[in-house]
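I am attaching a structure below and will ask some questions about it afterwards.
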Amino acid sequence: MNGIIVKAIGGIYYVEASDGIYECKARGVFRRKNISPVGGDRVEFSLEDDGSGVIEKIEERRSLLIRPPLANLDMLVFVSSTCEPRPNLLLLDKFIAIAVFKKIEPVVVFTKIDKESCDGLVDIYKGAGIKTFQVDNTTGEGSEAVKAVLEGKLSAFTGNTGVGKSSLLNNMFPALGLATNEISKKLGRGKHTTRHVELYKLEGGGYIADTPGFSSFDTNRYDIIFKDKLAGCFPEFQKYEGKCRFPDCSHTKEKGCAVIEAVKNGEIAKSRHESYVEMYEQAKQLKEWEYKND
Ligand SMILES: Nc1nc2c(ncn2[C@@H]2O[C@H](COP(=O)(O)OP(=O)(O)OP(=O)(O)O)[C@@H](O)[C@H]2O)c(=O)[nH]1
Ligand SMILES: [Zn+2]
């Protein structure tokens, strides 16, 4: 039988198949190979006489996050508020780059547009080729468009506390929002539950991963991207690839750099390039063997 792991907790995997959810264990062979199934994994399983399942095979993963443990994520939605708290663009750009690096599509949502306009911010991120939305959670304005982009995808939401993630989820999925809150309360969100992952099925197809781990999804040194791969994680830089005077251009300060030229004439947002330079400088501090990323 085939299915997707919609919940993983303490070595028990809940696998959603076409005719229901099966409680499964994993074959010992995975442990011996040091592989563990995670939420989002597509698996093959067999049934024991008592009706419980055994996971036999994990399908190839299109993406994988270790903390929180989550496979096959299609989309990471970064929620930022226009104010209270104000967005930290360096942090946002780091997260976006990490998502791109891990082959997960980044999506940006700005909230609280009833309090402060975010037109400038939307220009920056749309200009970078990233799907960007703005919502007013007090009225629900804009949430339909976000909902539409989630259809058929496995997504997760992340963002600082207080930016309006729960409000947005509740506006989009009133039923799911309730469930999320109950689950979070039961588990004590933000305590030591970062290894718990649960997927919620959406009416229109697709899933949302609820994982307390995301509230503390921080960019530690394991998430620093190797400097030679960093430019590849900025979608709007791709157009200029190979156009710099020096083939090994770092796009930070060189003469004849096509990326810097594009910043000067407004084709690339200044703040995005500043984040790139900052991340590049950080990446330079790390030695190659210190990367745990790929
Ligand atoms: N004016 C305004 N207030 C908002 C908006 N979105 C959320 N809020 C308010 O901001 C506060 C935080 O919203 P939440 O939805 O709880 O934020 P969260 O991101 O889920 O926060 P955590 O659960 O701590 O991670 C609440 O008081 C909301 O009513 C918005 O678009 N406009
Ligand atoms: Zn360059």
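Any Cβ shown, glycine's included, is placed from N, Cα and C.
The GTP binding site feature in TrEMBL is assigned to T111, K112, I113, D114, G159, N160, T161, G162, V163, G164, K165, S166, S167. Residues or ranges marked as Zn(2+) binding site by TrEMBL: C244, C249, H251, C257. Residues annotated as domain 'CP-type G' in TrEMBL: 62-217. As annotated by TrEMBL, domain 'EngC GTPase' applies to 71-215.
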Using the Cβ centroid of C244, C249, H251, C257 as the reference point for the Zn(2+) site, which residues of the same chain not in that list have Cβ within 8 Å?
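After dropping the recorded site residues, what remains is Y240, R245, F246, S250, T252, E254, G256, A258, V259, I260.
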If you count the other Cβ atoms within 10 Å of each Cβ, which of the binding-site residues V163, C249, C257 comes out on top?
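Max Cβ neighbours within 10 Å, all protein chains included: V163.
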Consider only the binding-site residues K165, C244, H251, C257: which of them have a Cβ under 6 Å from an atom of ligand 2? Write none if no residue does.
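Once distances to ligand 2 are taken from each Cβ, C244, H251, C257 fall under 6 Å.
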Going by DSSP, how much of the domain 'EngC GTPase' (71-215) is helix, how much is strand and how much is coil, in residues?
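In the domain 'EngC GTPase' (71-215), the DSSP-based counts are 56 helix, 35 strand, 54 coil.
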To the nearest Å, how far is the Cα of T111 (GTP binding site) from the Cα of C244 (Zn(2+) binding site)?
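Pair distance, Cα basis, whole Å: 37 Å.
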Which of the binding-site residues T161, K165, C244 have a Cβ less than 6 Å from any atom of ligand 1?
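Passing the 6 Å Cβ check against ligand 1: T161, K165.
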Let me know how many other Cβ atoms fall within 10 Å of the Cβ of G159 (GTP binding site).
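Total other Cβ atoms inside 10 Å, all chains included: 24.
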What is the nearest of the binding-site residues I113, G159, T161, V163, K165 to C257 (Zn(2+) binding site), using the Cα of each?
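If we rank I113, G159, T161, V163, K165 by Cα distance to C257 (Zn(2+) binding site), first place goes to G159.
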